[in-house]
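Colleague: A single structure is presented below for examination.
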């Protein structure tokens, strides 16, 4: 499944990727005007408008003895899409680990384990408030689909320039982090100095020696 996804994202099969990408964009664009149930029903009806006449055509050829009764969609029917017990356990474990990781990270950011990471999280939340005002979730999903099918191919073609820009951004981020760290160290209260034992006055030592 991961290999097939990478083939789609990197446009290794132009026809298949074009069909999937166009279908996703048209389906998401249709959701702006219609409900999800209506869009799903129309998509399934459209598929059956293709498969039903093709099956009838092959059945007619079989009745006329012009074919050997070959089913045109037998490869799709033979495809095993069920999950074994082992695959189900692995999938559930991955989902549980992903949820636990998300909860741990959110807890770490909310309760300020690292002040730099929490500042980044606050800035991200502040930006998301404006994003939520300007757009909705469906627009973000469509933008994510377009980015998923565009950015990997763009990175593959402009790899050198993008790496150079990423290095520059990381250098600026490192400077900002060091600046915030130095500010935090300067503002943080210093520890109380430890009490030191004072030596005895020399006059007392001289009196002791004389005695």
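Including glycine, each Cβ sits where the backbone N, Cα and C put it.
Any TrEMBL annotation is an automated prediction that lacks curation.
Here the structure is a predicted model, which means the values were calculated and not measured.
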Colleague: From 86-108, 109-131, which range did TrEMBL mark with transmembrane segment?
Modeller: 109-131
Colleague: When TrEMBL marks a stretch as transmembrane segment, which of 20-37, 164-181 is it?
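Modeller: Transmembrane segment, as annotated by TrEMBL, spans 20-37.
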Colleague: Could you give the residue numbers and ranges of same-chain residues that sit at least 6 residues beyond the transmembrane segment (109-131) on either side and whose C-beta is under 8 angstroms from one of its C-beta atoms?
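Modeller: Non-local partners: 140, 177, 180-181, 184.
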